[in-house]
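A.B. asks: Got a structure for you, questions after.
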Amino acid sequence: MLTYALVALGSAIGGTLRYWLSMVIAEASAGTFPWATLVINVAGSAAIGLFATLTSVDGRVFVPSEWRTFFMVGICGGFTTFSSFSLQTLALAQDGDWLAAGLNVVGSVALCLLAVWLGHVAATIINR
């Protein structure tokens, strides 16, 4: 039960950080390129990579498993799910499974873009 509470708290923190940072970046940048999303996804990926490695079995920092979950699933997940995707893809590549890593990248991007488009089409039909 504690782990669920930690994930919920971490998600709230991560989501709040994402919203705040996206507002800061949006004010600082101009144009239509999604700078805030890019920066947040890259920052979240860097954070989960750093934390996962530092707190792994071979890492220099001991963190109980529920606190790893709090940060990696809760905060990073609330901040961006792209961080989990990046960590999982890195794990595939490090295991030498380059085909699976590549398919994960291409498949995720293609399927997510398709899903966004299908959702848009469905909403457009509903809105008529």
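Each residue, glycine too, has its Cβ placed from N, Cα and C.
Features from Swiss-Prot:
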| type | residues | note |
| --- | --- | --- |
| TRANSMEM | 5-25 | transmembrane segment |
| TRANSMEM | 32-52 | transmembrane segment |
| TRANSMEM | 70-90 | transmembrane segment |
| BINDING | Gly77, Thr80 | Na(+) binding site |
| TRANSMEM | 106-126 | transmembrane segment |
A.B. asks: Let me know how many other Cβ atoms fall within 10 Å of the Cβ of Thr80 (Na(+) binding site).
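C.D. replies: The answer is 24 other Cβ atoms.
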A.B. asks: Counting only residues 6+ apart in the same chain, whose Cβ is under 8 Å from the Cβ of Gly77 (Na(+) binding site)?
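C.D. replies: Non-local contacts for Gly77 (Na(+) binding site): Val7, Gly10, Ser11, Gly14, Ser83, Ser84.
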A.B. asks: Is Thr80 (Na(+) binding site) helix, strand or coil when read with DSSP?
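C.D. replies: The three-state answer is coil.
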A.B. asks: What residues in the same chain, six or more past the boundaries of the transmembrane segment (106-126), come closer than 8 Å to it by Cβ-Cβ distance?
C.D. replies: 85
